[in-house]
């Protein structure tokens, strides 16, 4: 009868082959490595081309036009050096419009606080929370021009607001868009209603990404909702909170759509962007308007950089 017992390897009794003895796979061919490295760039080629064509190239042209006297129509333009920037910084009326941005900055603070409040409340098990989520986000889906016309009729004399106040016995002949303070406050209020849904969705997504075990552990330790918000939710959404503040500040400095539709910049509601558009298309000073746009871009970049320096985006470990 033949012996079928498995015999150990020669030289190492009872030993098994070690992984080091396994054959090493042959390196991939040079052509395969080349295509492997090139494939990601092929997928990025189309979006990068669009980004360069419609973002960076216009910015370069804008900077170039800011050093000329081009009127936006004539094929001829002349290099004027820093003359446009000198005029921009020596004319106080061109920078006084930045005071209007203060209304939108205040509205942004209200908007962030309200969005964070509703996102926190609706992140817990509340009745009809899906309905309220849709109600809060719906205004952001509406076209900004349509919102401008809707609220134009809302604030006009004898409009919707006056009619609602009359139902409660308050008859007012106040021109809501007739004075700078009242008009800017009304426009800032419209911007709160318009963009509250965006910040709400950002906050809600960040809150729902926090592990539920943290809430359960905090409840076992006797924490209430305020403690959970302060020690779990707020640190957990810090990166998103920083992002919303940056977006709100840049949006406040570049407000255009709603005030342009509702007032056209009249009654002291002209923003820096509306003024820039008028310089380019009403007064045919494209060079000066380009310089104003460059200054606004630099201001937004400086504010963003300063904010990131003061509030660094550190990694937060909740576990």
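The first residue you see is number 1, and the count goes up from there.
Heads up, the Cβ atoms here are built off N, Cα and C, so glycines get one too.
Automatic, uncurated: that is what TrEMBL annotation is.
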Range annotated as transmembrane segment - as stated in TrEMBL, picked from 76-95, 136-155, 156-175: 136-155
Expected hit for transmembrane segment in TrEMBL across 15-36, 103-124 is 103-124
When TrEMBL marks a stretch as transmembrane segment, which of 232-253, 254-275 is it? 232-253
Taking a Cβ cut-off under 8 Å, which residues six or more beyond the ends of the transmembrane segment (287-306) line up next to it in the same chain? 59, 62-63, 65-71, 77, 80, 84-85, 87-88, 94, 246, 249-250, 253-254, 272-273, 275-277, 279-280
Cβ contacts under 8 Å made by the transmembrane segment (232-253) with residues that lie 6+ beyond its boundaries: 98, 101, 104-105, 107-109, 111-112, 115-116, 120, 123, 191, 195, 199, 202-203, 205-207, 209-210, 214-215, 218, 272, 296, 299-300, 303-304, 307-308, 311, 313-314, 316, 318
